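According to Swiss-Prot, the features are:
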- 49-50, Q127, E194, 240-241, 261-265, 271-272, Y320, G490: NAD(+) binding site (BINDING)
- C408: active site (ACT_SITE)
Amino acid sequence: MESKVREIHAPRGKTLNTKGWGQEAALRLLMNNLDPMVAKDPANLIVYGGKGKAARNWEAFDKIVQELKRLENDETLLIQSGKPVGVFKTTKDAPRVLIVNAQIVPHWATDDVFWDLEARGLTMFGQMTAGSWIYIGTQGVLQGTYETLSALARKEFGKDDLSGKWVLTSGLGEMGGAQPLAITMNNASGIVVEVDEEKIKRRLRDKYLDTWTESLDEALKMKDESLAEGKPTSIGLLGNAATVYDELMRRGIVPDVVSDQTAAHDLNLGYIPEGYTVESAAKFRDENREEYIKRVYASIVKEARAILWFQRHGSKTFDYGNNFRTRAQEGGMKDAFEIPGYVPAYIRDLFAVGSGPFRWVALSGDPQDIYRIDDAIIKNFQKDQHLVRWIKLAKERVHFQGLPARICYASYGEREEIGLMINDMVRSGDLQAPVAIGRDHHDTGSVASPYRETEKMKDGSDAIADWPILNALLNAISGATWVSVHHGGGTAIGNAIHAGFVIVADGTKDAEERIKRVLNADPGIGVIRHADAGYESSIDIIKKGPKFRYPYIN
């Protein structure tokens with residue numbers, strides 16, 4: 001892997017380094033993805049999720065920056081798996097950038113083939129928001145984790161939160177690092193197992209984690225004390241998830257909730273086998289990859305068997321979309337899929353009404369711009385108290401990484417309202433500079449992923465991948481500033497196709513019209529996708545007469 005010591009920070013303020021705010025937003029968010037406060041391994045262009053990268057190599061990064069700086073307001077830059085390959089004259093309403101990452105003909109869409117092509121410099125794994133330049137640090141998954149636990153509390157315990165409960169989970173990487181804060185935001189306590197001490201320290205630094213220990217006994221003691229005192233606490237435990245889960249099972253200790261958010265989808269880099277440190281695992285992997293993978297599988301199976309034991313003894317368990325069950329099944333565990341997936345269990349009801357992880361980034365770099373938007377949402381969206389509660393919690397407790405940003409689950413209709421409100425605030429001068437508005441690929445109508453977002457669809461359409469392609473094409477012609485289509489995010493190569501977009505609110509009338517189109521179309525196709533699969537809540541929205549038509553409902 002190429003390694004070059006460079007420290008990247010996004011420009012701040014009102015001064016343009018490019019010929020327009022669309023290009024400027026792409027430049028700043030590409031660089032923000034590689035900020036040391038944001039990225040997992042910026043020296044190697046890795047942003048998060050195993051090997052999810054922002055650009056194929058440093059030469060490609062430099063060429064992207066060069067082209068963004070000279071790109072006209074009626075030109076479009078093409079990115080092929082992290083590498084700029086062309087600039088074409090289009091129109092001012094066309095995307096400034098089109099990104100396609102990691103696409104591979106289905107018959108060849110296997111880990112071995114893909115990573116061989118990647119090693120030869122022919123492709124790049126972009127995860128979801130790494131290669132599409134809209135990663136905002138651990139906050140990017142925070143509300144999804146918060147919403148999952150909140151929905152679990154309502155469904156499983158009949159309560160609005162998890163007060164008095166404790167959660168066992170693992171993984172404090174760029175995605176899993178959201179878990180401890182999401183747990184305490186739901187008024188629960190949690191033990192989060194992590195094998196890498198540096199990741200524990202990073203979550204402490206960013207105020208996502210309250211405390212940590214190397215001792216299971218000490219972690220259990222702290223958990224018990226926090227529950228007795230009614231003081232939600234997140235505890236990082238340095239150790240291996242397979243070892244810890246198995247030991248808790250042997251002791252007969254049954255948590256209220258159990259999950260895992262290691263990067264188990266990546267067998268090479270994402271899951272450290274039992275008995276190894278991060279450093280010794282890397283040495284072992286380099287010396288004997290075949291045996292290393294066998295050990296990884298054995299550890300995943302051991303952890304999964306413990307999770308099933310917890311489930312059978314009363315724990316509420318779920319796979320959090322990291323392909324953990326698939327890896328356990330590949331390792332020989334036939335009943336791995338008795339562990340439910342989190343989307344069909346807890347999140348699909350949100351997706352069905354066009355709700356998902358909406359986000360915005362202050363290109364000024366000033367946190368006050370985000371706080372002003374927070375205040376405006378609290379004032380203007382009183383009809384949605386769940387949204388207001390989240391914004392208040394996030395404003396109080398979320399630490400920014402890189403450019404200040406906010407995420408919230410907003411539904412069809414709300415996204416357009418928020419986008420137009422932000423554009424008005426830029427126009428009026430309430431905000432110091434334009435704002436980039438986007439979302440995760442993990443959303444209502446933008447992904448086909450049978451082990452995660454589209455698992456157990458009502459009509460059996462789990463693997464139908466037309467929808468994310470339609471989503472990307474629709475967003476492009478509606479006026480998104482950049483659009484991306486990726487492969488394999490979250491659940492690994494061969495298991496998902498997904499799309500994303502970003503649109504810039506620069507305060508102009510043109511931006512207003514583009515926002516109206518894009519923020520109607522993007523969640524709207526999610527409503528259609530779920531209505532087409534037979535979800536009543538989606539059908540109900542269409543019957544109310546939204547700003548689109550579905551031919552099968554008059």
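Here the Cβ of each residue, glycine as well, is placed from N, Cα and C on the backbone.
Annotated features taken from Swiss-Prot, shown on the structure.
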residue	record	contacts (Cβ under 8 Å, 6+ apart)
G49	NAD(+) binding site	K40, Q127, M128, A130, G173, E174, M175, A263, H265, D266, G270, G489, G490
N240	NAD(+) binding site	V193, V195, I272, P273, E274, G275, Y276, S299
Q261	NAD(+) binding site	T169, S170, G171, G173, M175, G176, Q179, Y320, N322
C408	active site	Q143, P357, F358, R359, I377, L387, W390, I391, A394
Query raised in the report: Hey, what's the Cβ neighbour count for Q127 (NAD(+) binding site) at 10 Å?
Result: 30
Report summary line: According to DSSP, G490 (NAD(+) binding site) sits in coil
Requested in this report: Take the Cβ of A263 (NAD(+) binding site) and count every other Cβ within 10 Å, whichever protein chain it belongs to.
Outcome: 27
Report task. Would you count the other C-beta atoms found within 10 angstroms of the C-beta of I272 (NAD(+) binding site) for me? Result -> 25
